[in-house]
Structure formats: C-alpha cells, structure tokens
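Positions annotated as disulfide bond by Swiss-Prot: C13-C115. Marked as phosphothreonine by Swiss-Prot on the basis of similarity to another entry: T111. Residues or ranges marked as motif 'Involved in PIP2 interaction' in Swiss-Prot: 81-97.
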Amino acid sequence: MSWQAYVDDHLMCEIEGNHLSAAAIIGQDGSVWAQSANFPQFKSEEITGIMSDFHEPGTLAPTGLYIGGTKYMVIQGEPGAVIRGKKGPGGVTVKKTNQALIIGIYDEPMTPGQCNMIVERLGDYLIDQGY
C-alpha cells in the first residue's frame with residue numbers, strides 16, 4: 001500500500017459522518033511521505049519543534065504548536081508519543097512512530113476524540129509494522 005493510500009483511506013476516512021480537515025504522514029526529518037490535498041504548507045522548523053517536544057515533553061507548551069503557520073495551544077498528550085493541540089472549535093493530533101509523524105487536523109463537527117482515534121490507530125499500526 002502506498003503512503004498516499006494510508007492518508008486517503010485511513011486518515012481521511014469517514015468516522016460517524018465526519019472527516020479530518022487535513023492529514024499527512026511526515027518523516028521525522030520533515031520530508032513529506034504523503035498528505036491530503038489541503039494539508040497546510042509547513043516550515044521545517046515547525047517539524048523540528050514537534051520533534052523537540054517528543055524528546056523533551058513540555059517544550060512546546062509555552063510557545064504553542066505550529067503547523068503551516070497556524071498556532072495551536074498544546075493540551076494534554078502522551079509524553080514522547082502523542083502531542084495534541086487546540087485552536088477554537090478544532091485542533092490537531094500528532095502521533096510519533098519509529099520513523100514518521102502522523103498528523104491529523106480537525107474542525108467541528110469532528111471531535112478531538114475522533115481525531116485522536118483515527119491518528120493514533122494508524123500510528124500504532126505503523127509502529128507494529130516497524131515504521
């Protein structure tokens with residue numbers, strides 16, 4: 001299965017009638033493995049910041065989590081494994097695998113729990129597969 005198929009079929013899938021707004025699988029080096037058509041153009045320093053928070057949990061909390069220039073307030077995640085961000089009625093979930101970052105961006109009516117489930121389920125599967 002191609003990386004694009006993982007984004008299209010597993011991240012942008014329907015859950016209880018809702019979809020993520022955008023999603024991507026990004027290498028930990030910042031390279032794009034696959035992304036939805038509307039995933040924001042991100043800066044390499046945004047990925048560097050995310051990786052720093054995975055290595056030293058809490059580093060993003062004071063400044064916020066940025067993806068494509070959009071600032072998300074960091075909310076409770078799983079140190080070293082998942083970073084969650086909130087912005088108004090939407091937010092973002094970032095799951096770290098051995099080699100990549102699975103990123104899901106959502107807006108209402110999708111709930112944070114639905115976004116977390118989609119992103120973390122694929123992340124856990126890829127970890128089990130060695131990625």
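The backbone N, Cα and C atoms fix where each Cβ goes, glycine too.
Feature map: Swiss-Prot annotations on the structure.
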residue	record	Cβ within 10 Å
C13	disulfide bond	13
T111	phosphothreonine	14
C115	disulfide bond	25
Contacting positions for the motif 'Involved in PIP2 interaction' (81-97) when only residues 6+ beyond its ends and CB under 8 Å are counted: 21, 28, 50, 53-54, 60, 64-65, 67, 70-75, 103-108, 110, 112, 115-116, 119-120, 122-124, 126-127, 131
Residues of the motif 'Involved in PIP2 interaction' (81-97) by DSSP state, where helix covers H, G and I: 0 helix, 13 strand, 4 coil
Mean per-residue pLDDT computed across the motif 'Involved in PIP2 interaction' (81-97): 98
Assigned conformation of C115 (disulfide bond) - DSSP reduced to three states: helix
C13 (disulfide bond) in three-state DSSP notation: coil
